[in-house]
Amino acid sequence: MKTELEHSFVELLEQHQNIAHKICRLYTNNYDAHNDLFQEITIQLWKAYPKFRGDSKFSTWMYRVALNTAITLYRKSKRQVTTQDYSGVEFKIKAEDYDDTEEQQLKTLYKAVHKLNDIEKALVFLYLEDKDYREISQTLGISEVNARVKMNRIKTKLKAILNP
Amino acid sequence: MDELDLLKKSWNTTQPEHKKLSVNDIYPMLHKKSSSIVKTLFYVSIAELVFWIILNAIPLFYSDEYKKKLETLYQNDTILTVLTFVSYGIIILFIYLLYKAYKSISVTDSAKKLMESIIKTRRVIKYYVLYNLIMAAVSFSIGLYYAIHNDSNISQNIANLQTTQLVIMYSIFVIVTLLFIGIIWLFYKLIYGLLLKRLNRNYNELKQLED
């Protein structure tokens with residue numbers, strides 16, 4: 001029997017599933033792992049849903065729970081290898097990979113973002129989702145000033161990866 | 001335009017690579033088992049509680065003769081009885097603290113707050129283990145003391161020992177105790193080290209930002 005609560009939750013998640021998929025794409029690097037993380041995010045959202053009062057938007061609430069799951073709660077299975085920290089030398093993308101066409105640039109950029117650490121990815125994700133620094137800082141639990149500083153550092157870091 | 005803005009431009013316009021899930025795909029996902037670290041931590045803490053409670057209860061499974069000895073000892077010694085009650089009280093206190101710590105873990109908190117709640121929970125378990133290790137060492141020493149003073153056979157045997165033999169005996173006693181504590185400590189480090197490695201790294205990263 002599907003309860004009303006289940007029904008409303010599943011409908012909302014179906015509408016906003018892209019948020020979770022984008023996070024999964026950032027934090028995992030293969031299909032199985034993507035599904036695994038998506039599954040865990042769904043469980044965590046569902047467990048927290050009875051306390052969701054609707055005073056914030058479902059999407060806003062979902063950003064927080066889904067990111068928390070990806071950064072903190074999710075236990076990676078062995079098949080994943082995305083947790084390595086960026087090291088300037090190791091992850092420099094070869095110059096010949098870097099093409100002037102925009103598509104190629106995007107591909108390279110995406111690769112570079114994938115090499116960032118968990119916290120940096122979270123900042124980049126929220127930034128790409130057009131969240132302001134107030135929301136970024138509240139989601140991560142850091143001050144607005146520090147969120148800005150960190151974001152600038154990430155931009156520099158990405159530049160360094162892209163222009164070795 | 002900087003690199004991220006370029007990415008941002010295409011971020012919301014490109015189609016996601018993953019196929020869109022239907023309502024029917026999502027329903028069964030609600031009832032799958034979570035494999036989050038909080039859940040694992042919960043099982044580990046229950047295992048720790050049970051392990052030490054069983055270890056403390058082992059004397060009850062000894063021979064009747066031993067039980068009788070224990071009973072007379074308890075009858076004659078109010079301090080020991082009080083200590084036993086205190087130790088039960090402390091276990092109940094730890095269960096309560098652990099329960100409170102788990103309740104405070106909320107996935108809707110900020111990332112930093114969530115990590116702090118989990119680290120706090122782990123700390124309660126750490127203190128519980130530490131308490132038990134200390135108690136094990138203390139009760140072992142008290143037991144030895146009682147054995148030497150109340151058991152005429154043992155005290156007689158010890159009186160007959162030479163100094164070197166005594167030294168060897170005490171050395172063995174110390175080494176065995178240290179080994180016991182060491183093994184448990186290693187085991188403990190391994191479990192939590194593996195489990196919370198990523199969490200600690202991310203927490204430090206966030207903390208560093210604030211320093």
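Glycine residues also receive a Cβ, built from the backbone N, Cα and C atoms like all the rest.
Features of the protein shown, as given by TrEMBL:
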- B:40-58: transmembrane segment (TRANSMEM)
- B:78-99: transmembrane segment (TRANSMEM)
- B:128-148: transmembrane segment (TRANSMEM)
- B:168-188: transmembrane segment (TRANSMEM)
*asked:* At a Cβ cut-off of 8 Å, and with pairs 6 or more apart in sequence only, do we get at least 3 pairs between the transmembrane segment (B:40-58) and the transmembrane segment (B:128-148), yes or no?
replied: yes
*Any residues 6+ beyond the ends of the transmembrane segment (B:78-99) with a Cβ under 8 Å from its own?*
45, 49, 52-53, 56, 121, 124-125, 127-128, 131, 135
*Sequence-remote contacts (6 or more beyond its ends) of the transmembrane segment (B:168-188), Cβ cut-off under 8 Å?*
126, 129, 133, 136-137, 140, 144, 161
